[in-house]
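Everything below concerns the one structure shown next.
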Amino acid sequence: MLGRMASAQDLLILALCGLLLELPAGYHATDTRQPRLRLSHKELWDLNRTSVFHSPFGYLGLHIMLLDEYQERLFVGGRDLLYSLSLDRISNNYREIHWPSTPLQAEECIIKGRDADECANYVRVLHRYNRTHLLACGTGAFDPVCTFIRVGHPSEDHLFQLESHKFERGRGRCPFDPTSSFTSILIGGELFTGLYSDYWGRDAAVFRTMNRMAHLRTEPDSEHLLKEPKFVGSYMIPDNEDHDDNKVYLFFTEKALEAETSTHAIYTRVGRVCVNDMGGQRIVVNKWSTFLKTRLVCSVPGRNGIDTHFDELEDVFLLQTRDNKNPVIFGLFSTTSNIFRGYAICVYHMAIVRAAFNGPYAHKEGPEYYWALYEGKVPYPRPGSCASKVNGGLYTTTKDYPDEAVHFARSHPLMYQPIKPVHKRPILVKTDGKYNLKQIAVDRVEAEDGQYDVLFIGTDNGIVLKVITIYNQETESMEEVILEELQVFKVPIPILSMEISSKRQQLYIGTESVIAQVKFHQCDMYGTACADCCLARDPYCAWDGISCSRYYPTGMQAKRRFRRQDVRHGNAAQQCFGQQFIGEVLEKTEERLVYGIEYNSTLLEYTPRTLQAKVNWFVQRAHETKKEEVKTDERIIKMDLGLLFLKLHRLDAGTYFCQTVEHSIVHTVRKITLEIVEEERVDEMFSKDYEEEISHKMPCPMQSNIPQVSKPWYKEFLQLIGYSNFQRVEEYCEKVWCTDKKRKKLKMSPSKWKYANPQEKRQDQEKKARIRPEHYRLPRNIADS
């Protein structure tokens, strides 16, 4: 194979690529910061691992997705539309509802100064109301409206009908603006929302509306309660078996009044209200009497006690456990700095959250004072607590609370103690600028060596990262292992929403214009050897003695007793002992012969199947038995694509061995013999008269009428470099030449090579200006082969 001879521009590009693609400093034998597998949209599609849904109207305007395992449907709310999609395959058997703004709503909206897009009806609320109905609310051209959708029972052939006779005003239930931040949760027929409740987007509040209980909200124009919040998520998490003690937790960011060093500091908050709050009797009438909040911290400990904070909450995910009172909270955060951009994921346990809300209150004596711990007497019942038996049972409703307790909660909504993450640090940090992380979903998996939380992280360019993190107690550090990088969509597009089904092992991903589903795993993609499977460290996968396949814990469809898996350490040598895994790989070592022209560039190509492996290059010179590691410099550059020689020297000739290293497992994956062709011999070859042979090119089998040339030009070239197996090379070159002829009839016409001989060109200089040809250039197919 001939190394392609590049122009000066090509050399410059390759050199720049080499500098950019060099391995970073401190690169270890296994770089788990790189994805083990990187799968394109086409590869996912070819593997039948994904399915996509496009709206037949050409647009979707996605704002919300609701995964309903009972109905076995994914409900989607967008612009003027609702969809019901099958969880098994979202592209099949879908139902749709067209729900636009009324002409009157749209007309009034435009008169008020909004554009036509804003005056559509964007569905922002979708909740399962009961077994047969959904609650849906839309922006209604800046005039929110709510209704019910009949979905029936799963046996009713996927019923999906809008009940238009039940329209209700949606103020306090749905935002006016389709782009404003919003969160909602439906509990016992009561809708709890965090939103901006007015036309101009100035009145931020937490509401409870809908059913038998009194409508409540936070007090308007109270910056100590909410100051320009961005609502992210909300969940009902019980504290105990007493349902009267249930609380709703709201996650949001806001400008922090207690930040003494900056008036524009942004903090992430956890707010809390009692589900059965009825407000006060004489003060805070129809207002929350139990609203409290505290800071949610996600930071990297630094030297001298100065931490790096990630204060902007992007997304939050609640991982349910067997104990519904103690789910695990995952927060995806970003920095608020205009200089430094980074992302982090922190994990919180409910015990830490409850301890913060049961701790001391924050207090400020006056404008000239700093925020401090409140050390005075706390009234009874404890401000912010619910009217329940757990609280003593003396009060059946918050309306009966003493004015002192209600007033204290009203004036002291902020807790002094922040909520800090597990291990006092993030489980994952991204500061390389490669990804902008936006969404998170988590699945808990039982593996051979323990329990792991698999993170699925959505980015702003349509990529999903599949990651696990492992905590090292000895070093108090986290190891992040990126298992897969999945290009879910054909073109880069921000991921707006993700829903996860552990039951089906499927991830549902929403963007503004398209929805996709992706299977959690495809174990056979890691490789066909035991070592490949164990080195992957995917808790879903294990070596079963024959292939890399889905791992099932003992007693759960365990088909084979032979299971090899080591997620924590990836110790393939120990797990695969006796499997002859090294021999299997070495037998597959690919051998190649590459010819390069002296003083030109050549790339010895190899792209490792896994990006986590360290790639080493060794060379064995002619007539030598010793191998030595290739030393890189400004002329020889190690790239992700292989080993690049910017300018070949005669001494570069030899046999090159490409090795990958992972967890002490060394694979020799490619053996390349590099032959150097002296520049003088190439000049001699091109100085001969080959016009007739080149103009006719190679005789193709289907074109017997073309005169056969006695000696194609490449044969003499092979004689110059000393290659003797003419028959094999001739068959290959005929195949390349004739394939190229069929594919590029116009581009490869005889006129293209008319002036390949410099002597002929000099004879023709009387007719046209003399232009020296690129006499080193060869047919591209041969150069690239």
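Every residue, even glycine, has its Cβ placed from backbone N, Cα and C.
For C346, the disulfide partner recorded in Swiss-Prot among C274, C298 is C298. Which of C523, C530, C534 pairs with C541 is settled by Swiss-Prot: its disulfide partner is C523. Between the CA atoms of C146 (disulfide bond) and C523 (disulfide bond) there is a gap of 45 Å, rounded to the nearest whole number. Recorded residues C541 (disulfide bond) and C109 (disulfide bond) have their alpha carbons 54 Å apart, per Cα-Cα distance. Cβ-based neighbour count (10 Å, all protein chains) for C298 (disulfide bond) stands at 29. Taking the Cα of C137 (disulfide bond) as the reference point, the closest of the disulfide-bonded residues C274, C298, C658 is C274.
It is 13 Å from the Cα atom of C523 (disulfide bond) to that of N48 (N-linked glycosylation site). C119 (disulfide bond) sits 30 Å from N130 (N-linked glycosylation site), taking the CA atoms of both as reference points.
The recorded positions recorded for this entry are C386, N600, C658, and the Cα of C386 lies nearest to that of C109 (disulfide bond). The two recorded residues, C386 (disulfide bond) and C298 (disulfide bond), show a Cα separation of 29 Å.
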